[in-house]
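So Swiss-Prot lists these for the protein:
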| type | residues | note |
| --- | --- | --- |
| COMPBIAS | 50-67 | compositional bias 'Basic and acidic residues' |
| COMPBIAS | 68-81 | compositional bias 'Low complexity' |
| COMPBIAS | 152-162 | compositional bias 'Basic residues' |
| COMPBIAS | 168-180 | compositional bias 'Acidic residues' |
| COMPBIAS | 198-209 | compositional bias 'Low complexity' |
| COMPBIAS | 218-240 | compositional bias 'Acidic residues' |
| MOTIF | 294-322 | motif 'Q motif' |
| DOMAIN | 326-607 | domain 'Helicase ATP-binding' |
| COMPBIAS | 367-376 | compositional bias 'Polar residues' |
| COMPBIAS | 378-396 | compositional bias 'Acidic residues' |
| MOTIF | 488-491 | motif 'DEAD box' |
| COMPBIAS | 517-531 | compositional bias 'Basic and acidic residues' |
| COMPBIAS | 538-551 | compositional bias 'Basic and acidic residues' |
Amino acid sequence: MAKKKFVENTNWKKIDTDNQLIFEQGGFLGLEEIDPNDYFLTDKNVDKIEKQQKQKQKQEQEQEQKPTNKLTTKSTTKSTPVQNKNQKPVDKKRKSKKGNDDSDNEYSGYQDDSDQDDEYSAAKKKPRIIKPTETVDMGTELLNSFVEGTVHNKKKQRKGIKVKQIIDDNDNDFEDEEEEVKPQQKLQKQKQQEQKQKQPQKQPQQPNKKNNKKELQKEEEEQMEEEKEEEEVQQEEEEEKEIKKPIKEKKVKTQKQIEAAKKNINKLEKIKKRKEISEQKTISKEEQDQLDMSEWNSYNLDPLILKGLRSLGFSKPTEIQSSVIPVAVSSGYDVIGAAQTGSGKTLAFGIPMVQRILQHLRKHGQNVENKANKQQNDNDDENEDVEEEEEEEEEEGRSKEYRKLFSLVICPTRELAIQVTNHIKSIISHTNLKVISIVGGMASQRQQRVLSKRPEIVVATPGRLWELITEGHQHLVELESLLCLGIDEADRMVEQGHFAELESILKTLPIHRTAMSKKERLKKKETEEKRNKRRKVDKLNDKGEMIKGDQDDMDDQIPDEEMEELEQEEQNHLTTTHKRQTFVFSATLVNIPGDGAPTSQKKKYRKLTPIENLIEKVRFQRDYKLIDVTQKRLTAKNLLETKIFCNLEEKDMYLYYFVERYPGRTLVFVNSIDCARRLIPIFNILEVPVFALHAQMQQKQRLKNLDRFRTLDNVVLIATDVAARGLDIPLVQHVIHYQVPRTTQLYIHRSGRTARSDQDGISVVLVTPKERPLYIKLDSSIEHDIGNFPTDIRYMEGVRDRIELAKEIDKLSHQSLKDNREKSWFKKQAEEMDIELDGDFFGENSDDEQSEDTRIAEQKKQFKLKQLRAQLKHLLSRSLLPRGVSQSYITASAIQELESKSQSSAATDFSNKAKNVIGKKAKQLAIENHSKFLTKNKKK
């Protein structure tokens, strides 16, 4: 018996113990199983060791008092030698005692029982009798005793380790416990395998013979006990695995559920943000109580509509609303309206529609109030993939007969349809009416499911609407109860070659029974034209001679076949008892100079304009009123219109100058998708936050880019004319016409994206010499001057360097991408055709000079690309300063200039320049007047 020697080490804590190490058959007792954490830090470990020492002393005292005669007699009765075994039989008393210690101390099965078990095993150990003539191999004997001792201690201490693991097993360090248990289990399996392999070596060859049957029986019993013990250990290990498996699975499941829940929460937050942006924001109840709604009371609107307007904070109607609502609500006329962009046209036809639906439902005793006063969630949210669950129960007091399609609104673009839906939804928040949008680019199955909820108002684009009508959806086919029809941006809908489905949709709409048929109108028109032609109208020419009217009327007669087609069309048409109310609106509907006017005064009969053709196709069932609130100035009053004359190569420079010089929400319009695709990578290389919006993009991506443009502060959106009409994007400070718009209507609609709702805005037109004739036409049709935008030439040198580098980088990267695409295409085609391509094709595995040249050229290209990117990165890291100003040597004048530039905006710079120009002109006039006055005095 030897005491433990202590070695001084600064990294380990000295612990004084009376622990004894037994180098007999027990092997190196306890060294492998000591927890290294017990040697680190602290007072807790010292307290544990003191408790262990006290427990050892008590156990030693108890063992001394117990009689040990039975153990000695058992060990001495055997006369014959016994073979060495790997493990000793387990005593039942020892097991029960061990179980009690496990409950008292967390390290009980690990250190405390070790000394006790060693004493017990030493007492139970059978003495080995060696004859003088017998030879013994000490190496094998020592090896066998060492293995027996280590294995024996391992088995004894397993339960202590398990107790420790169960106590330390909690939610916070569950994963650490798994990592500790796994290597221990592997070691146990390895040692068991080694044990089985070494078992035949443990029996030294001896010439002893077993003649006694009792001894054989005892040996068999010992073997049986050992086998049972091994089985118990295996069962315990299996139980541990079974216990831990479900815990692991549950943990994994909960982690997955947590991740899914986090994703859903993020999606819901995005939905809320987008809804707040897209929908009209409501005000607080205190602000609602302070609002004066007296101007709305004169229109006799439903109180639920007034509640919705109050919650939005609309205390008074706009000009177009005050002109349309009395005519549509009180008098019941159809309306053809024209107003500037951002003037409230959507609610101008939305309020009369909702008013008529509510009147119809109240007249038939139906419930229209939303008792919960919650906003509708039935709209298929086009901005997200997450579907909102809807209640399938019908509203209280509403029968199925009165849950039909009462109002239909047709819009040219998907984004405009979604915007109109949100505007109408905001005023019906206190009713139980439903409004949805049906647009392309979304799953038709989902939209069919939303239509099955039978919404009263549908806002749609012509393509998807006609698709669902032809499929025979019940809610869109049953149009007998249609009360209102709205067409927004009508001039866009009647453009040649666009929206062919609109005419088919208008033909499917029901006709009022008492209304005049198309056949009758044509007959009446024909008779009037014949009467006018037969009448001799006298006219005077320039010379004063009399001219008679034309009497030829054969060309204007309608053939019989056309009359038969009209009769069949009238028979196939749906009829209704309701007189449908129609609203046709646009910003450039009427009063555009040159549109629809005759080319010469000599022509007696002018050709019908597209709008007049639309009016014929719509089949107004009431008398209509034409309401035009557009002013002589077709754009908004608070819009500053400017221009920049430049060369084609300088357009990118001026665009980057404007974006870098005046940060904010900038909307750039181009005439083609190719132009947008060319600009996007250049501005991405220049690290400008830029997004695209054009017709060839997927609807989901278009909506995402629009939402990003709405949420970010300093951002650029490069768009085609898809974004020119109807979109209400808040706080757009700048609109840049990168290419001159082809028509005046496009210019007005593009410029109308800024300076909305009494906010300031500026539009800039970039004009090249080639586009100058188109700009002259635009300038003459607008009938007011467009000023020159002030540009600081000192900044242009730095802008030019950045643009040239970005263009060169884009060119090289685009060429490499193009080559890679071609190679990948050839590879794909070769794989499909089971053809092997030569290595020369790709410049690989070839000694040809051309292939080496191509490799060298490619390496040079890549090196040059890296160089250019490094140069551009260096330029972008520095602020854009005017020529003559240095970052190293800052002067007082430079500081003042930088402060004024940082605080200025495009509008202020333009207004300051205009003031300076006016001041110069005033000075010149004053000097001229003064000189004239002096000359007069001299003459006198």
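Backbone N, Cα and C atoms are what each Cβ position is placed from, and that goes for glycine too.
Small disclaimer: the values here were computed from a predicted structure and weren't measured.
Help me see these features in their spatial surroundings.
In the compositional bias 'Acidic residues' (218-240), the DSSP tally of helix, strand and coil residues is 23 helix, 0 strand, 0 coil.
Under DSSP, residues within the motif 'Q motif' (294-322) fall into helix, strand and coil as 18 helix, 0 strand, 11 coil.
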Work out, from DSSP, the number of helix, strand and coil residues along the motif 'DEAD box' (488-491).
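Here the numbers are 2 helix, 1 strand, 1 coil.
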How do the residues of the compositional bias 'Basic and acidic residues' (50-67) split into helix, strand and coil according to DSSP?
16 helix, 0 strand, 2 coil
